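Among the features that Swiss-Prot reports, active site, proton donor/acceptor is placed at HIS60, with the record citing sequence analysis. Residues or ranges marked as substrate binding site by Swiss-Prot: TRP20. Look at Swiss-Prot and you will find HIS50, HIS54, ASP56, GLU173 tagged as Zn(2+) 1 binding site, backed by experimental evidence. Annotation comment: Swiss-Prot describes ASP56, HIS161, GLU173 as Zn(2+) 2 binding site.
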Amino acid sequence: MKTSKWIDISQPLNNDIATWPGDTPFSYEVLWSKEESGSVNVGKLTMSIHTGTHIDAPFHFDNDGKKVLDLDIQVYVGPTRIIDVSNLESIGKKELEKFHLEGVERLLLRTSSHGKANEFPDIIPHLRADIAPFLSEKGIRLIGVDVPSVDPLDDKELAAHHQLFKHSIHILENVVLDHVADGDYELIALPLALSDADGSPVRAVIRPI
């Protein structure tokens, strides 16, 4: 039986990648070269946790919330469904009711609203808070989006973040979905084992099932 190849749905991390305004710019540099050390190249990485494709832990928006190492890593591995919700200003229960989501535990939303990893968007389609109980009723445990946040970029209340985690739904942001079709896939998007962190970069990959 032929096994499908894994497809990368992560934003490549490089010195040109966009970051949240005012956040730490991404930087990779060779701190010691092989010539200097006599044996190896050693790199230095500086970045915000919320750069590129990443997950949010509840501690990101709740001082009493779980940190990355407290999260159930099983949620970030397993069957997922990709659906198209492009050309919408916001996404909630009403927009998702037309999709068959019974039995789905992980859901990735393609908005196709912003495909430039080196430019931070001015506006994005966001999730409305009423999406959380709807997804929970369906048994969905992880929601992924192809934009930097599930909430509006200038929003301070973060209603979608709070409601999603209130309903035990994990958040994956900045996935790249324009090169993959709608359908069912196997997903791996494991966070790093960061003890006290409010989120983590991930290498998100999928393959058809």
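Even glycines carry a Cβ here, placed using N, Cα and C.
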Among ASP56, GLU173 [binding-site residues], residue with fewest other Cβ within 10 Å:
GLU173
Taking the Cβ of HIS54 (Zn(2+) 1 binding site) as the centre, how many other Cβ atoms fall within a 10 Å radius?
26
Which chain-mates of HIS50 (Zn(2+) 1 binding site) that are at least 6 residues away have a CB under 8 A from its CB, listed by sequence?
THR19, TRP20, ASP23, ASP56, HIS60, PRO148, GLU173, GLY199
In angstrom units, rounded to an integer, how far apart are the Cα atoms of HIS54 (Zn(2+) 1 binding site) and HIS161 (Zn(2+) 2 binding site)?
14
